[in-house]
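Take a look at this one; I'll ask things after.
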């Protein structure tokens, strides 16, 4: 008997009145991940598409894999480089289970480590964070689905990996669990669940950590997974000393634009490589999951605002001089632009609204980065701010169309 036949034989027991009725949500989620649902349209439908929401979310999830794998490689590489510089490898193996496990399975943790060893060490940091977020957030998804008696939506595949990619590799697991809980319960389920949340759940979870536990989500101690190592992000370095201050904290070598573009710098796990994020973005834009209008709007808004600050200039604030192409590759700008600003639920729906929504994100990101003396990153707050304005943009566009048609018909 094939697996599909086994599922079909078991299915009646999970429907209403069946022995396992209360577990239908879990049965349906498992079946529809493996196979296309057997449901058919009984009445007129507004949209027909071969790509259902389940496949769409899984495709976005897969599109984040390039950034995820590079993030693991970079985390491991930065950690090995730092421990080699500090001469603390022996202490790290003795006191840090990530290093001890990696060495036990054959990884080389010295300066001549290969890509496999770097990937393995990075995976020991990323995978526990991701699994914690996935399991805790998934638990809340299942609880609310069972209480409301509806299907489990695969949107959490995307939320979980995004949240795991926008945090430092040293984040405590209990804080990852709290972030997942806040993102799923407070930012999504409280407002009715999938399709009804007005803000991005992953960003809401990170914002919760930023305001509740700033020491573990910002500063100089959290970006490199090496005990006792301190190193500022490239954005913080620019804020303190301008472009000339962009130096690798370990080697002292200059950080070039290409280093930042490829992702050879410390930072949140999945936001460092603009190249890998572009590869994933090409997939979801080509599949028409992400709106190119939003991406273009963000880019135009950022470039225009950065250029304006360049023209104004400042002798005391060195971020005024940062060109737009540096804004693109530093911090969380690329990840936010490609995968968070384009969230179809919390973004604007109308075509014109998408342009204004994207432009607002680009403008606010640069304004927060440059004009905020306490925190040189602005993409998270910019997107959450724009989420609040997305319905307003759509309303104004619709009202404008109504007025234009009335005037034309008069």
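Just so you know, glycine gets a Cβ as well, placed from its N, Cα and C.
Found this in Swiss-Prot, in case it helps:
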- 233: FMN phosphoryl threonine (MOD_RES)
- 56-76: transmembrane segment (TRANSMEM)
- 126-146: transmembrane segment (TRANSMEM)
- 156-176: transmembrane segment (TRANSMEM)
- 267-287: transmembrane segment (TRANSMEM)
- 294-314: transmembrane segment (TRANSMEM)
- 319-339: transmembrane segment (TRANSMEM)
- 355-375: transmembrane segment (TRANSMEM)
- 378-398: transmembrane segment (TRANSMEM)
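Where in this structure would I find these features, and how exposed are they?
Shown in sequence order, 223, 265, 266, 267, 330, 331, 377 are the residues of the chain, 6+ apart in sequence, with a C-beta less than 8 angstroms from the C-beta of residue 233 (FMN phosphoryl threonine).
Within the same chain, residues 33, 113, 115, 117-123, 125-126, 153-155, 157-158, 161-162, 165, 169, 225, 263-265, 269-273, 276-277, 279-281, 283-284, 287, 289, 335, 339 sit at least 6 positions outside the transmembrane segment (56-76) and bring their C-beta atoms closer than 8 Å to a C-beta of that stretch.
Residues of the same chain lying 6 or more positions beyond the ends of the transmembrane segment (319-339) and with a Cβ under 8 Å from any Cβ of it are 60, 63-64, 67, 162, 165-166, 203, 233-235, 238-239, 242-243, 257, 260-261, 267-268, 270-271, 274, 277-278, 280-281, 284, 290, 295, 298-299, 302-303, 306-307, 309-310, 312-313, 361-362, 365-366, 369-370, 376-380, 382-383.
Within the same chain, residues 218, 235, 293-306, 309, 317, 319-320, 322, 327, 331, 333, 336-337, 341, 347-348, 381-383, 385-386, 389-390, 393 sit at least 6 positions outside the transmembrane segment (355-375) and bring their C-beta atoms closer than 8 Å to a C-beta of that stretch.
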Given the transmembrane segment (156-176), which of the listed stretches 126-146, 267-287, 294-314, 378-398 has the most Cβ pairs that are under 8 Å apart from it?
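Ranking 126-146, 267-287, 294-314, 378-398 by Cβ pairs under 8 Å to the transmembrane segment (156-176) puts 126-146 first.
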